[in-house]
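See structure below.
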Amino acid sequence: MDTQPIVLVITDSVTLHAAIVSWGLQNFQVKAEDLHVITQADRLEGKLNLKSSSLDAVVSISALHTQQWLLELARVLRPGGIIVLQNPNSVNDDVKETLSALERILLLAGFVLSEGADGSIDGLGPLAVKGRKPAWDTGSSFKLKKKVAQKPANVVTFDIPAFKVQLGDDLDDLIDEDSLLTEEDLKKPDLPPVDDCEVGKAGRKACKNCTCGRVEMEEKQEKLGLPSDLLDNPQSSCGSCGLGDAFRCSTCPYKGLPPFKLGEKISLSQSFLTADI
C-alpha cells in the first residue's frame, strides 16, 4: 500500500544540510520514514506529485517563494496544517524586510500567520515565518443553528380615556358674521366713473347722456381756454408753469390748474371738474 508523507522538507538546493532534517524530526515529532525531502524543487515547475490535503506540515527553503508555489503547497496541506517558509539568503541587516515580505505572501495565499519559529538552523540562520492553513477546506459545510423564537413578554396595556365633544351644546354660542358688519361696511363703495364716451376722429367726445364726467371736463377746458394738446403734452418756456399758481406769471395759460409735470398729461381730479355753484 502506497503511503503518503506526513512532513515534507523541500528546497531549491541540490543537497540539504543534515541539521535541517534533524530540526524537522524534532520540531514536528515525526519518525524518519514520515519525513520526506525534495531537492531541486525549482525543476518541478510549481507542481507536486502529491495528493491534495495529504501533508501535516511543509518546510519550504527557497530564495524566491512565488504566489503560484504557495498555492500548490496549500493544496497538499491538510486543513490546519503547518507551513514554514525560510529564505536562506537573508542576513541580519534585512531580516525585518524579509519577514515582512514572507508574511505578506503567506496571507495572500490564504494562510493564517502563526507564532514565529523558535531556534535556528545551522548555516541558514533563523526560520523566517510560520503559518497555518485554515481549519476548513474547499466544499466544507456546517449546519447553522436556528434561533428559537421566544415568547413575547407580557405587555402592560393602559386604557386611554376618550372624551366626546357634544357639538350641539356649542351651536348657540356661535356668532353670526353679518352681525359684525356696520352700516358703513354694507354700503357699496363709490367706484370711479368709467369713461365710456364715443371715440371720434378727434378723440373721445362726450355723449348725450354722459355719466363719466367728460362733459364737466370739457366745460372746464372751455372755461380755461386751453386746447387739448396743451393738456395732453404741457410745455413751459419759463419752466415754472408746472409748479403751481404761486410760481406762474399773470399771462400763464395754465393759471388755475393744479401743479403737474411737464411733458405728462394733466389729470384733473373729480373735485376739480365739479362745477362751481
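Cβ coordinates are placed from backbone N, Cα and C, and glycine is handled just like the others.
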Ask   = Given the ranges 161-164, 205-208, 249-252, which one is assigned the annotation motif 'Cx2C motif 2' in Swiss-Prot?
value = 249-252
Task = Please find, within the list 62-65, 214-217, 238-241, the residue stretch that Swiss-Prot describes as motif 'Cx2C motif 1'.
result = 238-241
Task = Please determine which of the binding-site residues listed here (Cys210, Cys212, Cys238, Cys252) has the lowest count of neighbouring CB atoms within 10 Å.
result = Cys238
Request  = For the motif 'Cx2C motif 1' (238-241), would you mind checking the mean pLDDT of the predicted model?
outcome  = 80
Key: [4Fe-4S] cluster site, defined by Cys238, Cys241, Cys249, Cys252: further same-chain residues with Cβ within 8 Å of the Cβ centre   = Ser236, Ser237, Ser240, Phe247, Arg248, Thr251, Tyr254
Query = Least buried of the binding-site residues Cys207, Cys241, Cys249, going by other Cβ atoms within 10 Å?
reply = Cys249
